[in-house]
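Visitor: Handing you a structure now.
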Amino acid sequence: MATLLRSKLSNVATSVSNKSQAKMSGMFARMGFQAATDEEAVGFAHCDDLDFEHRQGLQMDILKAEGEPCGDEGAEAPVEGDIHYQRGSGAPLPPSGSKDQVGGDGEFGGHDKPKITAWEAGWNVTNAIQGMFVLGLPYAILHGGYLGLFLIIFAAVVCCYTGKILIACLYEENEDGEVVRVRDSYVAIANACCAPRFPTLGGRVVNVAQIIELVMTCILYVVVSGNLMYNSFPGLPVSQKSWSIIATAVLLPCAFLKNLKAVSKFSLLCTLAHFVINILVIAYCLSRARDWAWEKVKFYIDVKKFPISIGIIVFSYTSQIFLPSLEGNMQQPSEFHCMMNWTHIAACVLKGLFALVAYLTWADETKEVITDNLPGSIRAVVNIFLVAKALLSYPLPFFAAVEVLEKSLFQEGSRAFFPACYGGDGRLKSWGLTLRCALVVFTLLMAIYVPHFALLMGLTGSLTGAGLCFLLPSLFHLRLLWRKLLWHQVFFDVAIFVIGGICSVSGFVHSLEGLIEAYRTNAED
């Protein structure tokens, strides 16, 4: 009898512990900390899908802790206390856009997802467009002058507009004339545009663009880490390439990541630290306001280098790839437009002021990463914090890129090109680990052979940033909703597509030429 009583008490204690842990994690997820992963692009579309699956795991654990049935009766119960997302545990989620995700009214309400407020959604968007890559904006003003400032405003307006029309592509009218959500992701929109002839072509194009942007973001983190450390300690006999190798050695454990639970804990701290660093830079620039070189701000542009600045500015605004998931998780989706307005207005004002103030302070001496212009005593401290932020931010786009590659090439099924990376017990197989290590090494090699922050940022912004933020949203909007558009909407979409295409091609060509020229110079040295 005593043994039975102790067993029951132990079970009750375990249940209460699991329940409280799951509710606490669910609370943080609802507050947006899990979704507010990184501020770059990254954006990062696939992180939202992973976050949704993680939250689904939290909901399942809460139900099981309360004794409610969930899933198949014959399914194996998860390990007690294990509430994080795991591959192969529990029933798989239906694919994006599947009917299992659609509720009875045609909306995507089949799953009881935690919802976030407009302020929390705005925090996520702010993280995406106010990242550490704004440190390259003063360099864009160096080559663009007042036109560079205009482009910061123009890019904010266009990206805000294309974000809204991208969300509009998620909805259609049903037979009763009601507007309902029939798609759930950027990939689903792309596939709908290419249907029925090529039902998966659009999704593949978006996935390729997404992978390129995520991998290039990882490369930029390694480049900026090596650059900052080299300029912080110029007296040490360590080259920038050697610092990049050291940074990559620190990042190698990313290959063993199975979920974002541990990494996401640092996201809020990283973001707050970055805002503090921006404030410190602006405060230093204001202290030298008497020496500002207004005469150095030009009305003419450097024809050869200005297209690179376009890519830098566009890359700093990339957030479209995760907006569909974000809008679907909002408590009041009708507040999405208002949220996009104030987040992009704030980003435009802050970026413009930061870029202008920093350029006025150092004028023609402005470097690719503006913190390299700070005095040695301040620079070392600020750069160390920035390196720590870059290293902590690296796992997020890396993990998202790995997930896209694994699901595209290694997922189990008839369409997979290679065997699955995970075994039946959920453990990572040897070739899966090899893939991850190879991706880390690839980012290192790119950072070593092309250690140019501004050129890489301009190349990425011109190639994938302009495509995902300008070209594809306007094209999809015209393709799916052209019968319902007013003439000025058609004009805006066509104008954005044409201007975006010109900027993309011009920026890509000039960035590529700059990279080739820089590579030849390094080879000669």
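Glycine residues also receive a Cβ, built from the backbone N, Cα and C atoms like all the rest.
Predicted automatically and left uncurated, TrEMBL annotations should be read as such.
Annotation source TrEMBL lists region 'Disordered' at 83-109. The domain 'Amino acid transporter transmembrane' annotation in TrEMBL covers 115-511. Per TrEMBL, transmembrane segment is recorded for 147-171, 211-230, 266-286, 306-326, 338-360, 380-405, 433-450, 456-478, 490-509.
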Visitor: Return the stretch with the most CB pairs under 8 A relative to the transmembrane segment (456-478), choosing among 147-171, 211-230, 306-326, 380-405, 433-450.
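Guide: Stretch with the highest Cβ contact count: 306-326.
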Visitor: Taking residues 6+ outside the transmembrane segment (266-286), which of them lie with a CB under 8 Å of any CB in it?
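Guide: Answer is 33, 36-39, 127, 130-132, 134, 350, 353-354, 357-358, 360-361, 370-371, 374, 378, 382, 385-386, 388-389, 392-393, 396.
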Visitor: Can you tell me which of 147-171, 211-230, 306-326, 338-360, 433-450 gets the most C-beta pairs within less than 8 Å of the transmembrane segment (380-405)?
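Guide: Between the stretches 147-171, 211-230, 306-326, 338-360, 433-450, 211-230 has the largest tally.
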Visitor: Quick check: do the transmembrane segment (490-509) and the transmembrane segment (147-171) share at least 3 Cβ pairs under 8 Å, counting only pairs 6+ apart in sequence?
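Guide: Checked: the transmembrane segment (490-509) vs the transmembrane segment (147-171), in contact.
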